[in-house]
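Beneath this line is the structure, given in structure tokens, with notes to follow.
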Amino acid sequence: MPNANDVFDLFYQGFKTFMNLSKFKLPAFFNFLSPALIECIFTSSALPISKSFSTGYYKALNIRVALIGLEVWTSQDLIGVSDNPHSTLASFLSWRGKQLRTLPNDNAQLITGRSFQGTTIGLAPLKAMCSDFQSGGVNTDHSVSAVGVAATMAHEMGHNFGMSHDVPGCCQAKAEDGGCIMAAATGHPFPKVFNACNMKELKNYLNSGGGKCLFNLPNTRAMYGGQRCGNGYLEEGEECDCGEEEECTSPCCNANNCTLKAGAECAHGVCCDNCKLKSPGVLCRAASGSCDLPEYCNGKAESCPANFYLMDGSTCAGGSAYCYTGMCLMLEQQCRSLWGKDGRPAPDLCFRKVNEAGDMYGNCGKDLYGKYRKCNDRDAQCGKIQCVSSATKPLETSAVGIETTVTIGSKKIMCMGTHVYKFTQGGEDPQGDTLDPGLVMTGTKCGEDSLCNNNHNCHCDPGWAPPLCDQRGSGGSVDSGPIISNIDLLLVLVILPLVLFVVVAAIGLWCCYKHKLRPQKTSSPPPVPRYSSK
């Protein structure tokens, strides 16, 4: 069993083999001057505790991983860990959600010593980075080598970043050198690099508004391993930190003592130019969509302010969709991303007919046992997305179209579903290690007054009652229960105490009345003493 120190050290320090990114144009807000920062926590039910880390695998993508928490469960697991990867993932993500208030993080990964069913060594949701409900993954301690576990964590986190499995032609790294991190299957030697296909998928995910939580600076006091000059994070007492001396290329920072060079005002960040702070009001991060907000330099700090976006549930696209984690989630946009520019949502009948099957081609996700769930009519638009398009196949190279014909009136309509194959060296991998990318995304509207929750059920807006959201009510879903409306809250907070006060007062008055009716005892006055004279 590898020591966790080795696993995380390799995950962060990795291999000094970085891709040449000059051919790939990342979004303007995702550049070398301002790397994205993942505030990550790791938990382990199998490995002893570790001690120090620095960046690694994700440096190739200009992403820094700041480890702000590490838990090792030695006496017992705090969640249900079994050989079923789906139930283990659901249990772990639920646990993570409960920790967010006390330990805020962007992503969490679990390493377990228990093996999963079949050939699965990890599982993670696709395009889930920054989600309160889904940003994380589970990994098995499948190798005596720490490199193997570290590579698996990098792979599962890649799925959170929107990276699918590599298809033939993507990976140019030789198998004898380890291949690529996002390959569907892994072996020895273990993979070391991301490839051009991964870069393209990451770019698309970020351009669509994903990864909104990655631009705030981490709490360096909470980082695992303690403060150290040369770790690349600006910490208390430092003027700058450009990393280790051998890797620092900053003309503004002294790597040996983390101080600014003579005349320099700053050393890092998009609000620093030629060692001088940019003027207040200079745009440092443009809005990536209708649910995002722009940020500007303040003239005092070298870093762009944390990324801000509209609240989850805000309407966008003229009221036809909702914002969720900074993205405007519309069926129209999802169909275009799957089928091209003319892709559009299919009629409701397509969703109902296909998703009532409860198989790999039509479902509302999987249950805790990994079995496909049938969609009820009310949740059909939260299952496998159905589109209409003139294209003959999806844009995704590893996907095929699943055609279903429905008749509406006298017109026949071809419903186009998407099934994503997961390739291994031996062919298609029926297990896979991602949640189905062909499912409607969490936060998408599933009706006029409802949106899909993370369990692929419709959640009614306030004012409408679950489960169908077609009658007046207080909102909620079959998962979360009804919402307490403002009127209900008024009843609880105002009227109920008033009723209790009236009851107590009535009891008091009744006691007083009873006391007055009770017969009073009277006593004769004491006899007047009589004195006799002798």
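Cβ coordinates come from backbone N, Cα and C, glycine included.
TrEMBL entries are annotated by machine, without manual review.
Per TrEMBL, the residue from Cys284, Cys291, Cys323, Cys328 that shares a disulphide bond with Cys304 is Cys284. Of all the recorded positions in the record (His155, Glu156, His159, His165), the one with the smallest CA separation from Cys284 (disulfide bond) is His159. When pLDDT is averaged over the domain 'Peptidase M12B' (52-218), the result is 84.
A separation of roughly 27 Å, to the nearest angstrom, links the Cα atoms of His159 (Zn(2+) binding site) and Cys304 (disulfide bond). A Cα-Cα distance of 10 Å separates Glu156 (active site) from His165 (Zn(2+) binding site).
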